[in-house]
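TrEMBL feature annotations, pasted as is:
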type	residues	note
TRANSMEM	6-25	transmembrane segment
TRANSMEM	46-65	transmembrane segment
TRANSMEM	71-93	transmembrane segment
TRANSMEM	102-121	transmembrane segment
TRANSMEM	133-153	transmembrane segment
TRANSMEM	165-186	transmembrane segment
TRANSMEM	192-214	transmembrane segment
Amino acid sequence: MADTNTIRTVVGIIGNVISFFLFLSPGPTFVKIVKAKSVMEFKVDPYIATILNCAVWVFYGMPFVHPDSVLIITINGFGLAIEFFYVGIFFIYSDWAKRRKIIIALIIEIIFMVILISITLTCLHGTKDRSMLIGIVAIVFNIIMYTSPLTVMKKVITTKSVKYMPFYLSLANFLNGIVWAIYALLKFDIYVLIPNGLGSLSGLVQLLLFAAFYRTTNWNEDEKEVELSESKKADA
């Protein structure tokens, strides 16, 4: 019979696979943006929030902060790279006002990470204290990442349309939260359990909204927006 560590490793690998597809799930959204050469009504907020979230979790998984967390580093390292790519596409196809907001947000995140790393390495000694500090910060920013789609969910409710809430991203969020919560329970890690438990709940709410408003969504508006965007480019 497999021991707990082996089972935890297997679950962690499954979590890496699901998280991998979670990070890739917004792909269709960015295909639309590139084709339209405009961000249309899509929001950059979740992707900027995820950059900070991934950066904190990569640091949390370092052996001098929280040992035996290689699987946390691998998936969040990949996530950090792909989220920068997504934000880069948003930056290219946004107007200057939105670009300025993206730049400011990224600068704030970089400054925050520099301060957090400096305090952790110079003021705290031992993995227990470091794990507690970074774990608490990771919980806060993981919650921000999972609640950042609230702006999109509000739009879904007010417009009765799920066009700007990608289904596969919501599904991946739900499955990802469930698997990583199980991972945290196998070798109890409260810092991984809390945010992923909330993440699975957030994903579930998004799926329920998708089911509720799918039929009232006018999917043909996508083509009209692309044509309008192309027309504006041609007139410019």
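Cβ coordinates come from backbone N, Cα and C, glycine included.
Just so it is clear, the model here is predicted, and its values are computed rather than measured.
Give me the lay of the land around each of these features.
Packing against the transmembrane segment (6-25) from elsewhere in the chain are residues 71-72, 74-75, 78-79, 82-83, 166, 168-169, 171-173, 175-176, 179-180, 182-183, 186-187: each is 6 or more residues past its ends and has a CB under 8 Å from a CB in it.
Proximity of distant same-chain residues to the transmembrane segment (46-65), defined by a Cβ-Cβ separation under 8 Å and at least 6 residues beyond the stretch ends, is recorded for 26, 71-73, 76-77, 79-80, 83-84, 86-87, 90, 102, 105-106, 109, 112-113, 116-117, 120-121, 127, 130-131, 134-135, 137-138, 141-142, 144-145, 148-149, 152, 191.
Same-chain residues lying 6+ beyond the ends of the transmembrane segment (71-93) with a Cβ under 8 Å from its Cβ atoms: 9, 12-13, 15-16, 19-20, 23-24, 26, 30, 33-34, 36-39, 42, 44, 47-48, 50-51, 53-55, 57-58, 60-62, 99, 102, 106, 192.
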Mark yes when the transmembrane segment (102-121) and the transmembrane segment (165-186) have three or more Cβ pairs under 8 Å (sequence separation 6 or more) and no when they do not.
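Touching, no - the transmembrane segment (165-186) and the transmembrane segment (102-121) miss the threshold of 3 or more Cβ pairs under 8 Å.
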Would you mind listing the long-range same-chain contacts of the transmembrane segment (102-121), meaning Cβ under 8 Å and 6+ residues beyond its ends?
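Those are 44, 48, 51-52, 55-56, 59, 64-65, 87, 90-91, 94, 130, 133-134, 137, in sequence order.
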